[in-house]
């Protein structure tokens, strides 16, 4: 028997056990009845107006069904005649109203049920809540803690956060250029925008001639995206669908999927899995924008950064902090600081070797491939020094029919809101030019929408090695906006002499300008004023 079929059978058995356990939970509630229930219909949702649906109080009968709970409504004084039957399923919307009332949407009816006692209302509510457990968890829910998802969608529901991303002009302009520069891929096509946010990428697709765009957004930003769609009069082109791509249904397959699913170190937030999941709606030979991502990894040397983190941890080395000995927490403090990836930017000359490239193919890789990412490393060291850890950045490519466009977060490219990421070693290693540094980076996905990152490095031919495990969910945002400083020791000439030589050259240029009758303005060679008239014709 193959492993695949065995795994499938086990999964099916587990699902059956889950359904059976829910059925068992519902059994005590089977055939339960609630008498004296007054049923009202909501006649005006905006004004919250109600009217009695039946002339007298009713009896509700609940019985278990394979699809949920079958609800039968009968008059109290004529229980032999069923007025209406409804199926309470996992998708039924309901809410408690006070102690005795309960609002529920059943088929095309929006009802308010008023029970004779608190106990009856609580028991009926329990029936509905138990049915909810019949709904299989989506792929997203299975891999994500509820608290993490709530925080995540709340964060991206703020206009300020959308603005932060939209004002990353490298990001936004690159996407627009990639889409408009490949209009042939969008003209009269159906497009899916995954995690649409404000809907900016959907608008780009319409600008490129898309016939229809489905903009999927799970946060509250969906309502703002809808406002933008309506105010820009493109509601006939863009359809905003609130929800997760793992849980919603589309009316048709799509020709192109667009998204901005990249996080720090490419994989953080685990949005890439959602992007890959969306391929279930992609037609054969459809396009993905972006098409693939390259994670770059390089060893670096930065004594200043290492000392900064080390000295922070030394706070816990005080034996008399306001009369309290903190030293017992020094080891844990050190571990915590070095578990933080550093988010900032740097001069690429701190890198000690050419970066290793790990490719994620968005068209072909599977979601499961991103659960554990094991990247082998081999670096041929170009400069002698102390290796303090590994630096990470990524590039993504938009492979279009007309042109290929790259979005890069490299330290050699214009800065983006992704910056770069560095992972420190608590025990740095000294390595010489010409030696080979080997090892691995292991990214293990967790349910907090992030990864535990383990780095293991070893100098080939020696017993020297170092390792660390970091929490990508808890980075240290170090970027201050200050210009990036060149690494120490990169000057091959005297900076002082270079400066004075430059000033002397500028002084000679100004002197020559005066002799020629012109003087540069504010040191700018292209702006000048004529001084000969004043010299030859003084007032």
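Using N, Cα and C of the backbone, Cβ positions are placed for all residues, glycine too.
Record features (Swiss-Prot):
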DOMAIN    149-458  domain 'SAM-dependent MTase PRMT-type'
BINDING   162, 171, 195, 217, 246, 274  S-adenosyl-L-methionine binding site
MOD_RES   509  asymmetric dimethylarginine
Cα-Cα distance linking the residue listed as 'asymmetric dimethylarginine' and residue 162 (S-adenosyl-L-methionine binding site), given in Å to the nearest integer:
50
Counting distance between Cα atoms, which of the binding-site residues 171, 195, 217, 246, 274 is nearest residue 509 (asymmetric dimethylarginine)?
171
Pick the one among the binding-site residues 217, 246 whose Cβ has the fewest other Cβ atoms within 10 Å in this structure.
246
Residue 171 (S-adenosyl-L-methionine binding site) has its Cβ surrounded, within 10 angstroms, by a count of other Cβ atoms equal to 18
Cβ-Cβ distance under 8 Å, sequence separation of 6 or more, same chain as residue 195 (S-adenosyl-L-methionine binding site); the residues meeting this, in order, are 216, 217, 218, 245, 259, 260, 261, 271, 274, 275
Of 162, 274 (the binding-site residues), the residue whose Cβ has the fewest other Cβ atoms within 10 Å
162
Under a three-state reading of DSSP, tell me whether residue 217 (S-adenosyl-L-methionine binding site) is helix, strand or coil.
strand
Around the C-beta of the residue listed as 'asymmetric dimethylarginine', how many further C-beta atoms are within 10 angstroms, looking at every protein chain?
12
